[in-house]
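Colleague: Quick one: structure below, then a few questions.
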Amino acid sequence: MVSDTIIRLMNEQITKEQYASQLYLSMSAWFYSQDLEGVANYFRVQSKEELMHADKMFDYINNVGGQVVLDEVAKPPHEFSGAQDIFEQALEHERLVTKSIFNIVKAANDEGDFATTSFLQWFINEQVEEESSASLLVTKIKMVKDNPSALYLFDQELAQRVFTPAAEN
Ligand SMILES: [Fe+2]
Ligand SMILES: [Fe+2]
């Protein structure tokens, strides 16, 4: 039902989701090192969400009779020039992931593989949300600039985020 090409692209996507998880965990670590625990929490939750994405794809490949083949996950950066730099990189990264998912959808469409396009619909919607929240945070961190009390409030706000696996379904 699902071609080898699509299985290969889905396997590559698993690696990309795992890398996104590593990247956000590294960003989280940077914020912990700056004592911005709320922002660190936000990225830690984000990191877990990315693993859930990889997990969903893992299940899909198995369900359609393919084999999951794991790859090396690249080392994420750990030096950042500041909070704004991180939020901009996160937004940039989400845009890359969106492109990558769109590529699989396009390939699946060309093959008339409706099972995969239907499965990936969830990811398309998810990317709309991811890009929207990443872009909102870029705007907010620009407003904060070097104002310590604004940064304190921003950190408090992001401390509220909790990981909810149910929201992933
Ligand atoms: Fe993802
Ligand atoms: Fe993401």
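The count begins at 1 with the first shown residue.
Each Cβ is built from the backbone N, Cα and C atoms, and glycine gets one as well.
Nobody curates TrEMBL annotations by hand; they come from automatic prediction.
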Colleague: Per TrEMBL, which one of Glu17, Glu157 shares the Fe cation site with Glu50, His53, Glu94, Gln127?
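Modeller: The one candidate that TrEMBL places in that Fe cation site: Glu17.
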Colleague: Inside 8 A of the center formed by the CB atoms of Glu17, Glu50, His53, Glu94, Gln127, which other residues of the chain have their CB, for the recorded Fe cation site?
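Modeller: My list of surrounding residues reads Lys16, Ala20, Glu49, Val97, Phe123, Glu126, Glu130.
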Colleague: Could you tally the C-beta atoms, other than its own, that fall within 10 angstroms of the C-beta of Glu94 (Fe cation binding site)?
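Modeller: Around the Cβ of Glu94 (Fe cation binding site), 21 other Cβ atoms lie within 10 Å.
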Colleague: A 10 Å Cβ contact count, applied to the binding-site residues Glu17, Glu50: which residue has the minimum?
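Modeller: Across Glu17, Glu50, these binding-site residues, the one with fewest Cβ atoms within 10 Å is Glu50.
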Colleague: Is it possible to get the count of other C-beta atoms within 10 angstroms of the C-beta of His53 (Fe cation binding site)?
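Modeller: Neighbour count, Cβ to Cβ under the 10 Å cut-off: 24.
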